[in-house]
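Heads up: the structure comes next, in structure tokens.
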Amino acid sequence: MSNRTLKVLKILSHLACAAPLVWLLWLAIENHLGPDPTHTVTFFTGKGTLRLLVLSLAVTPVRRLSPRLSWLIRFRRMLGLWAFAYGCLHLLTYIALYAGFSVDAMLDDLSRRRFIFAGMASWALMVPLALTSTAWSIRKLGGKAWNRLHRLAYLSAIAGVVHYWWGVKQGVHSPFAITLTLAVLLIVRPLWGFFHAMGKAQSPSDAMKRTL
Amino acid sequence: TKLSTVSSPLSGRGLTETAYNDITHYNNFYEFGTDKGDPSRNAWRLKTRPWTVSVEGLVKTKKTFDIDSLMKLRPLEDRIYRFRCVEAWSMVIPWVGYSLSEFIQQCDPLPSAKYVQFLSLADPKQMPGLGESSIQWPYSEGLRMDEAMHPLTLFTFGLYGETLPNQDGAPVRIVVPWKYGFKSAKSIVKVRFLDKQPRTTWNDLAPDEYGFYSNVNPNVDHPRWSQKTERVIGASLFHQRQSTLMFNGYEDQVAGLYKGMDLRRNY
């Protein structure tokens, strides 16, 4: 993949991530957010966060499918940061439209409502990742430590999915699709490691070919 | 279909009615799907004629009422009521119906009857949402006899002067304006009089969240949602919040029903 194509793809991806927010803003200005605008904005930003987070987690496993997909890694940070942006908007929706900027109300919610706690945890886990998303941070921390730190993305996604399940009423299965996707991504990683190790032990030449 | 109605002193005054389109497109009616828009998309499959309501349990004789005869039993009244969902949103709905007590009198319940149970239709051919959630159908709700006999409790056939749209519980439903919306059973096919508290759908699903009484009460917190405030349906994004009133604003009329009861325990 040429640098030029990558650049174009990156711009398109940024646009794809920003477009829903522009759409949401337009709906808000035009008063087209439906009968329950608070609810609309809450689910729009919340689902957006989870989808982007899971998408960013899918980059590594998908990339491993073929060496020709290695360029995908150049999109991971972007997806992660967009997930964080959606997460911040989701949190802001809660702070402004549910808690009414009252710290007491938020502390009360945090101590009493587990789904709020899980949501806050999911957001908080993204903060160190967003802060260390620069090339400078990777150099400063060293690749290994940085990688380890950024595994928090998995925890954040798990907390996010738990937040979703705890937030909806019993009997509602809308979080199922995203949960399944995340579960596959979580299973694929150790599975790949396992088969990779097996392959290496059995026939080093095959494993070589695969990595090449 | 347009209904001929009379006015009622029990109708609320000075309330801003929620738009017809919102009342009919923002519904919780899980028999047609769990999304708020599902009922308006799917409820066309519901056949509301012929329709009967059967009465059984502790009554002198079992009876079956035809929907058209029920609608002629008493003059239909316009009743503008606040409607408060346990999910912390609210509407103001101009219902059409008459007090449930008028119907109950026709049922001749025995003195031993202490509770009334309402069972909704559960037909997979007409209701595509039945398999979507892990709920035990049919939907069951219930009231204590004195709650059911309260004049505010409405046997409901219409809204905005017309017959109920299917997604709002056609052809006949209950409306109990001082309780969270799920207490108001829709598309009723069976009414049972009992001496014991009946099982109710949401209480079965999550007893710590949904009590049998489920009176609107800003002081008793729900584990999922704060009940102190509510989002007004149809209001704009930054003007949706308003304070929730005790018994949804019907405290003067209904507080007496619960005298001496601990409302925190009997939530």
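Backbone N, Cα and C atoms are what each Cβ position is placed from, and that goes for glycine too.
Feature annotation from TrEMBL assigns domain 'Ferric oxidoreductase' to A:52-160.
Here TrEMBL flags A:12-29 (among others) as transmembrane segment.
Taken from TrEMBL, the feature transmembrane segment covers A:41-60 (among others).
Long-range Cβ contacts of the transmembrane segment (A:81-103) within its own chain (Cβ-Cβ under 8 Å, at least 6 residues beyond either end) map to 17, 21, 38, 41-42, 45-46, 48-49, 52-53, 55-56, 109, 116, 119-120, 122-123, 126-127, 129-130, 133. What TrEMBL lists as transmembrane segment is A:81-103 (among others).
Counting only same-chain residues 6+ beyond the ends of the transmembrane segment (A:115-137), those with a CB under 8 A from a CB of the stretch are 46, 53, 77, 80-81, 83-84, 87-88, 90-91, 94, 109, 146, 149-150, 152-153, 155-157, 159-160, 162-163, 166-167. Among the features that TrEMBL reports, transmembrane segment is placed at A:115-137 (among others).
When Cβ-Cβ distances below 8 Å are used as the criterion, the transmembrane segment (A:149-166) is approached by residues 46, 49-50, 53-54, 56-57, 80, 114-116, 118-119, 121-123, 125-126, 128-129, 132, 141, 174-175, 178-179, 182, 186 of the same chain, each at least six residues removed from its ends. Positions annotated as transmembrane segment by TrEMBL: A:149-166 (among others).
Among the features that TrEMBL reports, transmembrane segment is placed at A:172-192 (among others).
Counting only same-chain residues 6+ beyond the ends of the transmembrane segment (A:172-192), those with a CB under 8 A from a CB of the stretch are 47, 50-51, 54, 57-58, 60-61, 64, 154, 157-158, 161, 164-165.
Long-range contacts of the transmembrane segment (A:41-60) within the same chain, counting only residues at least 6 positions beyond its ends with a Cβ under 8 Å from a Cβ of the stretch, are 17, 20, 24, 28, 33, 72-73, 75-76, 79-80, 82-83, 86-87, 89-90, 93-94, 97-98, 119, 126, 153-154, 156-157, 160-161, 164, 178, 181-182, 185, 189.
Confidence across the domain 'Ferric oxidoreductase' (A:52-160), taken as the mean pLDDT and rounded to a whole number, stands at 94.
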